[in-house]
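Participant: Before I ask anything, here is the structure I am working with.
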Amino acid sequence: MWAASCLASCCAACACEACRSVAGSISRRSARIAYCGLFALSLVVSWILREVAAPLMESLPWINHFHKTPDREWFETDAVLRVSLGNFLFFTIFAVLMIGIKNQKDPRDQLHHGGWMAKIVCWCIVVLLMFFVPNGIVSFYESISKFGSGLFLLVQVILLLDFVHAWNENWVSKDEHFWYMALLIVSLVCYVATFSFTGLLFHWFTPSGHDCGLNTFFIVLTLILVFVFATVALHPKVNGSLLPASVISVYCTYLCYSGLSSEPRDYECNGLHNHSKAVSTGSLTLGLFTTVLSVVYSAVRAGSSTTFVSTPSSPRSGSEKPLLPFDKLDEQKDEKKDEAKPVSYSYTFFHLIFSLASMYSAMLLTGWSTSVGESGKLVDVGWPSVWVRIVTGWATAALFIWSLVAPLIFPDREF
């Protein structure tokens, strides 16, 4: 016991020293990646607690106060939600504190970029305190998380649109036969994937012998939107490209699949219910992977996007100034020494991304579940999650079409 205690003390000391070294080495430029690391840590903690925390939580009277003790799955889900709630509050508090920052001389700018040892300690305290809050608060957070997850998916859509349009413009600007062929090949691959995936959706979610009109409606509407995307993009007045249309088509088809696969396992039109365990594991892995990628991308993109996350005073916000005469350069340099440098992105939006991502990751880890109830039975999926994903797909379609036709409706504005 003494040896084990010494070993544990040494490990704790090494861990603290490692955290202190890492926190001290985080520079201004790497702060965004550090926040991504903290978010990734929350996912790891959630995953671990989901696997091992159930026995401990069963013994806590303010959590297990039911007349009949719920199943183990209830406590696993509750642990994930409590970690997510702490993560959500941590980033939301930072988002509120960062409202209105315009330049780097604001004292809050240092709060955003520095003090990492204190931030890690505060994050741990906030997450720990969530295990003392009543079950009703956790239940309420779970309910709003379904809709917060939908907002996160919409943010993903906006970032995806930004990326796809930039990708298309980059290849078209090269004005070479090779890049035009590359655009065509990628577009064809995306459309083949879309139509193949749609065929599988009909096979999985409209089984013969059952009245599956709702599923058929979802799939057919998605397919119609795919043709609408191509038609609008190729319209002479729009002068668009098939690449963005094809990529958004694949994404909308995936959202349709994600929504249909979230239908209750005993629903007769959910053809995947006999393989629910394998499918949920694959969906969970894919969902967490795409979540981490999207959060990292949004964090990095926050420093370069000129339409969505940059502040009006940002040097990347698109404002252009005429070149200065040579004889005024020295004078301008002296003035710049006293000027406050504007921030390059919105700190508030940056932290809100992580707040919404905390909700979305909780829904993925719990299977969009309903965890609080006297019966203690865990429902892995349900109709709320179905509609969140289906409506997100429709919103994706609307945003993409708007991005194509908006320049025609408002020709004097820059989009």
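The first residue you see is number 1, and the count goes up from there.
Just so it is clear, glycine is given a Cβ too, placed from its N, Cα and C backbone atoms.
TrEMBL annotations: computationally assigned, not manually curated.
Worth saying up front: this structure is predicted, and the values here are computed from it rather than measured.
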Participant: Can you dig out which of the ranges 49-69, 238-258, 280-300 TrEMBL describes as transmembrane segment?
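Facilitator: Of 49-69, 238-258, 280-300, TrEMBL gives transmembrane segment for 280-300.
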Participant: For the transmembrane segment (147-167) and the transmembrane segment (345-366), check the count of CB pairs under 8 Å (sequence separation 6 or more) and say whether it reaches 3 or more.
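Facilitator: Judged by the Cβ rule, the two regions touch, with the required three close pairs present.
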Participant: Sequence-remote contacts (6 or more beyond its ends) of the transmembrane segment (386-410), Cβ cut-off under 8 Å?
Facilitator: 146-147, 149-150, 153-154, 157-158, 161, 165, 218, 222, 225, 228-229, 232-233, 237-238, 240, 244-245, 248, 251-252, 255-256, 258-260, 262-263, 368
